[in-house]
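Visitor: Here it is, the structure in full.
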Amino acid sequence: MKGILDSILRVGRMIFAPTKTVQYPEEKLPLAPRTRGRIVLTRDPDGQERCVACNLCAAACPVDCIDVVKAETPDGRWYPESFRINFARCIFCGYCEEACPTSAIQLTPDVELADYRRGFLQYEKEDLLISGEGKHPGYRYWDVAGKAIAGKAQDPVDPKDLCP
């Protein structure tokens with residue numbers, strides 16, 4: 001009997017409580033600052049693509065939704081000839097962003113990717129490239145890749161020193 005009265009009181013309180021429903025397209029709830037949404041490819045400050053087609057993003061992707069085809073410029077620099085992401089399979093885990101050595105792949109807070117056809121959720125390189133530098137303005141991979149840091153140079157290790 002006590003359980004029934006408790007239930008009736010709880011329902012009575014909830015009837016007069018304010019609603020928490022949000023009319024979604026017109027009103028949007030605030031997203032967390034680090035929300036992971038749509039993936040974009042960024043550019044260097046000089047306007048070139050940051051992606052070097054190393055395929056680390058595709059290897060890190062747990063659902064295998066990234067496909068990269070590598071090409072090479074006459075001066076020997078790699079670039080993605082095609083870069084495709086299937087957002088129908090993407091789980092927005094962020095592993096591709098973490099694996100990217102050049103900060104070319106970045107996740108934006110844009111989470112509205114719904115579509116009526118699954119084929120429209122496959123984005124090509126042209127759809128993913130943005131004109132800006134993304135989260136890391138001024139960063140250029142080729143300025144820091146392979147350069148020695150002053151004071152960090154060490155002598156080569158003798159393998160015999162590693163033995164007990």
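Glycine too: its Cβ is placed from the backbone N, Cα and C atoms.
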Visitor: Looking at Swiss-Prot, C51, C54, C57 are annotated for [4Fe-4S] cluster 1. Which of C93, C100 sits in that same site?
Guide: C100
Visitor: Going by the [4Fe-4S] cluster 2 site in Swiss-Prot, where C90, C93, C96 are listed, which of the candidates C61, C163 is also part of it?
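Guide: That [4Fe-4S] cluster 2 site, as Swiss-Prot gives it, pairs C90, C93, C96 with C61.
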Visitor: Please work out the number of neighbouring Cβ atoms within 10 Å of the Cβ of C61 ([4Fe-4S] cluster 2 binding site), leaving out its own Cβ.
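Guide: Excluding its own Cβ, the number within 10 Å is 20.
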Visitor: Out of C51, C54, C100, the binding-site residues in the record, which is closest to C61 ([4Fe-4S] cluster 2 binding site) when you go by Cα distance?
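Guide: Going through C51, C54, C100 one by one, the Cα closest to that of C61 ([4Fe-4S] cluster 2 binding site) is C100.
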Visitor: Pick the one among the binding-site residues C51, C54, C96, C100 whose Cβ has the fewest other Cβ atoms within 10 Å in this structure.
Guide: C54
Visitor: Pop the Cα-Cα gap between C96 ([4Fe-4S] cluster 2 binding site) and C51 ([4Fe-4S] cluster 1 binding site) into the table, whole Å please.
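Guide: On Cα coordinates alone, these residues lie 12 Å apart.
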